[in-house]
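Right, one structure below, let's go through it.
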Amino acid sequence: MKSTPIVFIVCIFIILQYGTFVRCQQIAPAEYNLLVSLRTLFHWETLYPDPIPPATQFNFCNTIVNTIQCFGDISTPRSVKALSLIGDGTQTIPDLSVFTQLKTLTIYNISNPNNFMSNLPSTVTILDCRYCQLTSIPTDIYDSFSSLNLYNNPLSMTFRLSYAPDLITLGLVNNEPQYINYYIDILNDSPGRLSIGSLSQMAQNSSLNFTNFRDNMNLFLYFSEQISVTELNFTQIFDAADIIDIKSVHILAPSLTTNYFDFPTDLHSSYEFEFVNIKFNTPSTFINLNQPQYQHLSALKIRNSPEFNINGSPVFSDIPRTNLISFWLSGVSLTTVGQLLVGLNTWDYSFSNNFLTKIPAMSNNEPQPKFVDLSYNLIDDVMSDAVFCNNFVDIKYNKFVGELNKCYSCYLNHPTIADMIKGNNFSNYQDGSTQYPPCEVTITNYNNVTAGLALILEGSLLPKYQYLVTSDPPFTWVSYKGQTKISATMGANSFVIAKARGYIVVSIHATQVFNFTIPINIIAPVIYNILISPLSNGYHFAIVGMSFNTDDANTTVTFNNYNCVVTPNNQSSSIECTLYILDLVEMTYRMNVTVGKLSTVLRYHFTRLYPVVSAITPCPRSGGSVSLFGEFGVALEHATIYIGGKLCSIQNIYPKNITCILGSGNGKQSVNVTVNGLNYYAENYFVYLEDSQQCPYSCGVNGFCNVLQYCTCKAGFGGPQCQYTVLPNGVIVNSTTTIISQEDINFHISLRSLQEMSYNNEVIREHMLGDWTQDPSPDNNTWIYSTQLKNTTISYTIFKAPNAMDFTFAGIPMHLEQDSIKISVNISKWEFQSSLNTLQLIIATKVNSESTCQSNIESYQDELEALNYFQIEQDGKVLYGKFIDQMLSDGKPTYSSTKILSKTEKEVIVGISIPQCRTECLIDPDFSLLVNPSSGCAENTSKKWIIPTAVVVSVVGFTSLAIMAVYMLRRGSYILISKNSLVIFNKTIKLGKLFPSKPSK
C-alpha cells in the first residue's frame, strides 16, 4: 500500500515531462507477469510497445487496444476483465487462473489448449473458442456461462441445456471438413423456460425442441459439406404450434451443399431468413410471397444457389410489400429481374453474382436511398442520375460503358467509391488512375443558422457519405438522397464559436477539396413547449425550443410586466427561469423571450397545476374515511391534510385522489391541503355527513322525507309538504329570460350573473349574463343559446321532456312530470384568476302583479345556514324554490351551498356556490309554481293547481354550468320569453332527451 504515492508521483512526472496523460497502472503482479509472457507468445509488441522512461511497465490497460481490458483506475490495483488471444496455430494456452476477475475470454487458432478449461477462472461468463483444439468441457462449469461459442473443435459430446440455465448465447458448431466427424448433440432437457437469445448449432440437430425458448431468438443452423439432412421443414423444426416468436433463422453451409432442397414455404415462424450455399431445386411454378402469411417478413436473403431460378427469372412472382427491408438473390443465375422490384419500399437489395445485362427496374420515390449490390454481373448499361445519384449502387465487375457518372467520379479518391465502380469500361476513367474527371461541387442555398437547429445546405454533387464533409467548427453531418442536400445539427459550443467568428467553413472532400464559407444569420428564439413546476415561493418554467444560443447573460423572460429570473444552463434548446410570485393569477399572459437583440412574443395561458381540490366525499360525524379529488401533482411527497384544524391521516395518495382518516366532528369545516410545500385552502368546504335525517315539515301522505331533509313527492304532487296537485300542460319556447305567468301575475326567473369568488368569499370579478345568440339545434325539441366572454363560451339549452321520468342526481332520486322543461347552462374554458377561487351563480326571482294583495316571501335554512327552500306568494300563486347541498364535481358528489343574497317584498336573489371543478360541475336546484287554496286574497280558490318548475344548474367542460327548469301549466297559463323572456303556451313541443330516463311508476 505504501507504493501508491510513488506511483502518483511517477504519473505526475510523466504528465509534466511529456505534456500528455499516460495512464499509469498497478496491475496485480501475478497478472502483470502473465501478460508479459502473453505479449511475447501472441506477438503483441506493436499493440503494447516498450514503456517510455521513466515508466517501467507496459501499458496493458490502455483503452485504445481492446485485446486486454481492465477493471479499476490509477488509484487502485487493476485486474484483467477481458482477454483476446488470437494465435497463428502454434501457440499453447498457459494457465489463466491468475486472472481472478476475468469475465470475457476469446481464443482463436491455437495448437494446444493445454487443458485450459479445467483451470478456467470461475469468474469467466463469456467464452468464445474457435479452432482452439478443445476435446472436452468439464460439465461442472456449464452453469457459469452466459455466452458460450465453440466453433470447429475436435469435440464430440452431448450438451445438456439443463446444466446451463442462464445461457443467453450458445454456439456449438463443427462445419469445416476436418471436423465433420465430430458431432455435438444439444439436448433440451430443461424443465423451465430458457433465456437463450442466440443459438448456433448443426442442422443435424434439427430435432431440438424449441418450445421453452425465449421469444425473438436468433437461430443459426450450420450444414457441413456432407450434410445428411434432406429436407428443410421449419414447421417441424420449430413446432409452430408451441413456439411464439423466432426473430431470425440463418441456414449456413461453408460451401455449396451436395444435396438438393426444396425451398421451404413455411416461413411463418420467423421475421428474417437467410440461406447461404444451400442448393435449392428449381421450382416447377413461381412462388407468390405477397400473401398475408408472409407480410411479417423483414428480410429474405439467398446467396449462392445456382439453380434457384426459372428460365433466368426470379422464382418469386411477387414478394411481401409490407415490412420487407432486405431482399437478396445473389448467385442464383438470374438474367433478368423483371418488374419484381417496382412499387417496393425495400431499401436493401443484392443481385450480385448473376448474369444480368440491364439495371433492374425499381421504384425511386422513397425519401431514403437504396443500397443496391449489382456487382459481378454482365450489365452493359450506362449510369443514369436517377439511379446512381439517388442510391448507393455497387457495380464493380460489370460491362458498364459511357462516362462514369459525376456522382461517383467526384469522389474517386476515396477507396469505398473507387471499389464500387472498378472492373467496367468507362470512357472517362480507368481503374487505378489518379487522373480524375472534372468535378464541380456547389452550394447554392442554406438556411438561417441557429443553435439547436439543423444547418441545411443545398447544392449539387454533394457527397453521399457523411465522412466526406467536415466543418470548422466541427459538426456531425448527414447526407441525403440525390446528393443535393446535406445537413448538420449545430451544438451549443460549436454555435458559440461560429457566432463569435460570424461564419462557418464547410469543406467537401471530393477529388479536390471545396471550401464554402457560410455566414451567420441568427434567427429569433423559437418556442416549442413550456413546462411548469410549482415551487414553495413561485413557479419554475422550462422553455423548450431552439435558437436560445446559450447567451444566458443577455437572455430575459417576462410574463406581462413580471420578470422571470433566468437560470444559466448553457443550452441552445431550452431556457429555465423562476417567477417568484406565489399567487400568480391564472390568465393569459404576454410572454416575451429575448436573446441578445432578438425577441419572440407569444400568448401563454398560465394554469396552476396543484394542489386543487374539486370534490370531497366526507365521513360521518363519528369520523372515518375521507376522499379528496382534484390535482395533487406527480411527486407525491410531504403531503398533509387538515380539516377543521384536525389532521386527516393520509392512507393513499395518487395524482388525482387522496384518501385519509379523520376524527369525529360536526358541521361545516375548512380544508387545508399541502403537497411539496404548496398549499390549498377552502373555507366551509367540508360538511360531516348527518347520522340521521329529518324534514322540517311532515311530507303527508303524498311524499316521504329523503336523506337531504326535504320531501320527495309522489307523481302528480308538489310543494314543500306535497300538498298540491300537478296538472300537465303544453309549452312553447321563443328566447331567453324566463317569465312564468298565470292570469295577471308574472313570476320572473333569470340567470343574472356569474361571479368568481376568492377563498375568503370576496367577489373577484363578475360577468353579467345576457345578450344571448340562438345557435343551430340538433332537433325540433331543443333550443340552444350562447354568449362569448374572451376565451370562455357560455351557453344554455332548453329541453322539453316528452313523458314523466325518474333520474338520479348525485345519488339523489329526482322526478320530472311530462311536458317538463329543462334548461342547461354550459360554461366552457373559464379562466380562473387563482386555483383557490370558486364560482357563484346568481339567480334572481321576482313577482309582478297589478293586484292590491301584498306579496309574501318566506325561506328556510338548515342548521349549517344553507338555504333549503324559499317561496314567493301572490294572490294564492306560490313560486316554490327548493335546493339541495349536493352537486357533482368532475363526476364526484361534493358539497355545494345556496344562500339568499338579498330579498325584498317582490324579489329574492340567491347564490349557488360552485367549487373549482377541473372538468365538469353539476348543480341541481328545483323550482315549482303552485296554488295556495287557503289564501284569502285569491279571487278563485275552487281549482287547486300547480305549475312546478325544476331548474338544474350544471357546470360542464373546463368549468361549466347547467340549469334545468321544469314548467307545467294548466290550460290558459303561459311562460313568456321574448328577446329577454321565455314564452310557454298551451301547446305540445317535442324535444330530445338530455339525460337517461325511465317511465315514472
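Cβ from N, Cα, C; glycine included.
Partner cysteine of C705, as given in TrEMBL, is C695 (from among C695, C713, disulfide bond). Per TrEMBL, the disulphide partner of C713 among C699, C722 is C722.
Listed disulfide-bonded residues: C695, C705, C713; maximum Cβ neighbour count within 10 Å falls on C713.
C722 (disulfide bond) is surrounded by 21 other CB atoms, counting those within 10 A of its CB over all protein chains shown. Here the Cα atom of C695 (disulfide bond) is found 13 Å from that of C713 (disulfide bond). A separation of roughly 11 Å, to the nearest angstrom, links the Cα atoms of C722 (disulfide bond) and C705 (disulfide bond).
Cα-Cα distance from C713 (disulfide bond) to C705 (disulfide bond): 9 Å (rounded to the nearest whole number).
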